[in-house]
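*Asks:* Below: one structure in structure tokens.
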Amino acid sequence: MLISKEWLEEYVDIDVSIEALAERITRTGIEVDDITDLTKDIKNLVVGYVESVQQHPNADKLNVCQVNIGEGEPVQIVCGAPNIGQGQTVIVAKVGGRLPGGVKIKRAKLRGEVSEGMICSLQEIGLSSHVTPKKFESGIYQFGNPIEPGTDALKALYLDDQLMEFDLTPNRADALSMLGTAYEVATLYQKKVQKPNVQFKEGKVQASDEIKVDIQNQDKVPYYSVRVVKNVTIQPSPEWMQARLMKAGIRPINNVVDISNYVLLEYGQPLHIFDQDQIGSSEIVVRQAKENEKMTTLDDQERTLTTSDIVITNGQTPIALGGVMGGDFSEVSEKTTNVVVEGAIFDPVSIRHTSRRHNLRSESSSRFEKGIATEFLDEAVDRACYLLETFASGEVLIDRVAEGSLGSLLSTIDITANQINKTIGLNLSQDEIVAIFNQLGFDTSINGDTIAVNVPSRRRDITIQADLVEEVARIYGYDNIPSTLPVFKQVTHGALTDRQRKTRIVKSVLEGAGLSQAMTYSLVDQDRATAFTTDTHSTIKVLMPMSESYSTLRQSLIPHLIDATQYNVARKNQDIALYELGNVFFGKEENELPDEVEYLSGIMTGTYMSNTWQGKKEEVDFYLIKGVVERIADKLALSFDYEKGEVEGLHPGRTAFVLMNGVRVGFIGELHPSVAKTYDLARTYVFELNYEMLMSEAVGYINYTQIPKFPGVSRDIALVVDSDVQARELIQVIEENGGHLLKDASVFDVYEGTHIESGKKSIAIHLEYLDTENTLTEEKVAEVHQVILEALETKGASLRG
């Protein structure tokens, strides 16, 4: 947003330099990105009157002009502009003058004729060709009214000015207008805002006799109003208005179009002006577009609409794309005599979607999509009517025709001085705080310690108490807030929380195993939002995603870990081991916040260094990543069990659920070959654990075990069982019946094939026995071993012969 100091001073009486003003504004939260002094590179620029024009005797495209520049005798200037003519009032750069770009004006001879100066175009004095009136796009500028020769041309052009460029954050849409900026500046300098004139004389005819309004989608268009202005005269707008538009980056067109743009900049309220005689009916109907409905906008582009677009129609045909751009056949032209001035409230989300889908961003859409100040809407329409009456000789009909409601013009937030002081670290009195709110233009009422603050609709960024605290700090001055240390009644030694300590242990295990921590986006595309999940939950979509690839909150960390692995492998980093600790999001009932749960996930592919000393590398496999998970359990003194599982996207025969106290807390597995192929990955293994469940479990104690004084005894057994029996079931039976002499039981082989009955398999288990108090005898071992074998037989297991 470009802010003209000359224009700003019309609303606020300030007597400070542009630099001081910019510094003050920046220090209170609105960044001034740049300052432009339109007079900086210009010297000796005056108004001249062309007394005569003669063809240059030695050049077909040059003219010799006698120009009165207010210095007695006219000066001779050679000019090549095609639109030069006698009797024109023009811009003249005198000899010794300077123009933007370092151009110095000297006395010169052009094809034998002396030239003492230069007749200038608007582009030559620093204005962009994109904003100059089309009439003067390829020639010199001509003033519309007589001006005394010798007058300072910059003053005559209303360009004796400085501009500030705001770099606004989306929440400060109020500063997207001159009046919004005026309120901000008035607050900083404790001044009053002088509102623009909106008083006009109404005619004798009711506007409702000429036009009707019907809103069929009030959920998207809560308010729509129009005023009718008759007998307007299309002509150039006043030079001061044209100058203000050009300084703001808008090309002047004609008085009617310029007025709508002027009020847009002044109030931040987009207006649209229709040619009433071209609308095609006496009714305006606001509705959602029909699927594949077509219309041509003012940029001569045919648009194919969808049902999410808002259209303004004549009851049948769209005449404007609501909140974005008008239609071509109802636009104001040189033949226009009667106009309809529209002011409306449009749903910001709908406007944002329409603008993006049609790749059509306008000054109107950029404001509607941020939300407008409803308090200014009707006033802005009236301001346009005043300007049409004054500068287009229009006759405004009686009353406005409106439907819907503007809604509340104020929102009330209660707060106390104590809440503000406690947050900022000040000791302001209630009266001082109320004075700041009043300075901001917020009405207040006091009930005991509570201050009820009425926030006007122009400050849509203020919705909660914290926003009011920020306003007090901002206006009081961040530089004026003293640095203070927090006051503690009791000083204690710093210490990690239980969760922080556990997390450090987990990270240490993972990084010790060679995994690097990754941090990825919480958003994925809709198709992958539920990938690698074991439970069914609804998904949560973002209203305005950056792209479809980041449109939905994730329910697993694995999809983005796969992306990160693919990215690295594609760049010749074949051995990848990553982990991530982050939140996933599970949808609940409508209008309820989702469950946000912390998960721990990992991914490994390629090879790993199994023996650092010897530089030996081995392929990553299922048991390696299972070992990483088991190491986490060991370090947290937790006990994990495993059972065969199936997770979509993982290999059906190489996937296991992780159990803790009989409850699933995650899974381990190999990526399904088809998934790995899609991402151009070799065999890749992943794990995912519900970190919240791990953290909620009380950490067990790691018991000290005395180094044995006596030798142990080991036995290996091979058991034949049904193919669907899991090894963990046998281990569980062994542990339950082994008594205190059994120290360990582990599977070391599983066999199916020749010499084993069909539907059966052989599971080989290694058993270790130890007595910490005495030397084991063969009899004791045989007795316990027999108990274990008998217990296994009851479960259908038999010793393999």
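Glycine is treated like the rest: Cβ placed from N, Cα and C.
TrEMBL annotations: computationally assigned, not manually curated.
Sharing the record's features from TrEMBL:
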- Asp461, Asp467, Glu470, Glu471: Mg(2+) binding site (BINDING)
- 39-154: domain 'TRNA-binding' (DOMAIN)
- 408-483: domain 'B5' (DOMAIN)
- 708-800: domain 'FDX-ACB' (DOMAIN)
*Asks:* Across the domain 'FDX-ACB' (708-800), what is the average pLDDT of the model, as a whole number?
*Replies:* 89
*Asks:* Which ones in the same chain are close to Asp467 (Mg(2+) binding site), with CB under 8 Å and 6+ residues apart in sequence?
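*Replies:* The answer is Ile413, Asp461.
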*Asks:* Using DSSP, how many residues in the domain 'B5' (408-483) fall into helix, strand and coil?
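*Replies:* Final tally across the stretch: 33 helix, 19 strand, 24 coil.
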*Asks:* Since the record lists Asp461, Glu471 as binding-site residues, which of them has the fewest other Cβ atoms within 10 Å of its Cβ?
*Replies:* Asp461
*Asks:* What's the number of neighbouring CB atoms sitting within 10 A of the CB on Glu470 (Mg(2+) binding site)?
*Replies:* 17
*Asks:* Using DSSP, what's the helix, strand and coil tally for the domain 'FDX-ACB' (708-800)?
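*Replies:* For the domain 'FDX-ACB' (708-800), the helix, strand and coil counts are 31 helix, 32 strand, 30 coil.
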*Asks:* Going by DSSP, how much of the domain 'TRNA-binding' (39-154) is helix, how much is strand and how much is coil, in residues?
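*Replies:* The counts are 8 helix, 48 strand, 60 coil.
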*Asks:* For the Mg(2+) site given as Asp461, Asp467, Glu470, Glu471, which other residues of the same chain have their Cβ within 8 Å of the site's Cβ centre?
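*Replies:* Result: Arg459, Ile462, Ala466, Leu468, Val469, Arg474.
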